[in-house]
């Protein structure tokens, strides 16, 4: 338009919290973007509305059973409708400059890999991809001249703090955690924490699963592993600090003693906008911090008794191989059981640990080569292992 090239983009996970925040930014500059594909889950009505408004080429629902509903909602719009995992991978192969990967869970891995194989810039909000197959993703990006930009607020903060720096000069990386909904609860009370209580976050507006993962610190455990995979630092160089205000997102310590921090309001549009506009910084509709009004920033060390997920993350990083895929699969399934009311809040950690141990006891499984097929297999086996433990406990 008038000599300005529109940026071709796709958003996978468009109906979730990250996807909707991305669309909010796109909506503010519609002439700058040509939307190729949008994908979503059960919220077919929202997916169709957004696809029509943004004039996407194709809209994909993850669920085959919802395809006819999506087709009906898109009738006469000119937007193609599709469903299922294969359609997602096909959409990822379509020419694009930038793809947002915000699908929750291991389902985001295959389309993410396909996008990187096309040389597309991948804005990665799907932390499970890096946890399950970080080496595979990073190698695929390198092989095809593609770039991965982090969208987690913590990893975006680290990425920004490292601009102009050399990773070998980094002494430590500190990612912060709000502490979640139960940060000030007595430990004993956590045994009876309800689904509704775990689904409420004090600072961030997020989806239910990630909010529960925040309360249990499984979200932070994934982010610790993600930090290792993305930035290539040793496990012992990664620290977590509980920071209740969620204003300092990460800090990078260098060998000269300097500590670089990134501050911003708890609004995911910061990290999304940075990835969308990188290497430029465009204006964003987010709150500006008034440090004088804030007055003080609070930090404290995490209690590993309260947050056993952080201990498990260190064990997974030391173990290496496909243990990240096993950890994530077991964690996801344990979360399913908590949401379904079959187990208590604290049972998620012990279940995940048991599922992980079951797979690690199988000779050669965790040390198998890192391929998409092996990652998918280990993820499936971890989920089944957790199901078996739940059946034994409740049966």
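Quick reminder: no glycine exception, Cβ is built from N, Cα and C everywhere.
Swiss-Prot lists 15, 16, 17, 18, 41, 43, 126, 128 as binding NADPH, and of 180, 207, 232, 253 the one it places in that same site is 207. Swiss-Prot names 152, 154 as Mn(2+) ligands; from the candidate set 90, 117, 197, 223, the record adds 223 to that same site.
Cα of residue 17 (NADPH binding site) to Cα of residue 152 (Mn(2+) binding site): a span of 12 Å.
Taking Cβ-Cβ distances under 8 Å and a sequence gap of 6 or more within the same chain, the neighbours of residue 207 (NADPH binding site) are 16, 17, 104. The maximal spread of the NADPH binding site, taken as the longest Cα to Cα distance among 15, 16, 17, 18, 41, 43, 126, 128, 207, is 22 Å.
Residue 152 (Mn(2+) binding site) and residue 219 (1-deoxy-D-xylulose 5-phosphate binding site) are 11 Å apart (CA-CA, integer value).
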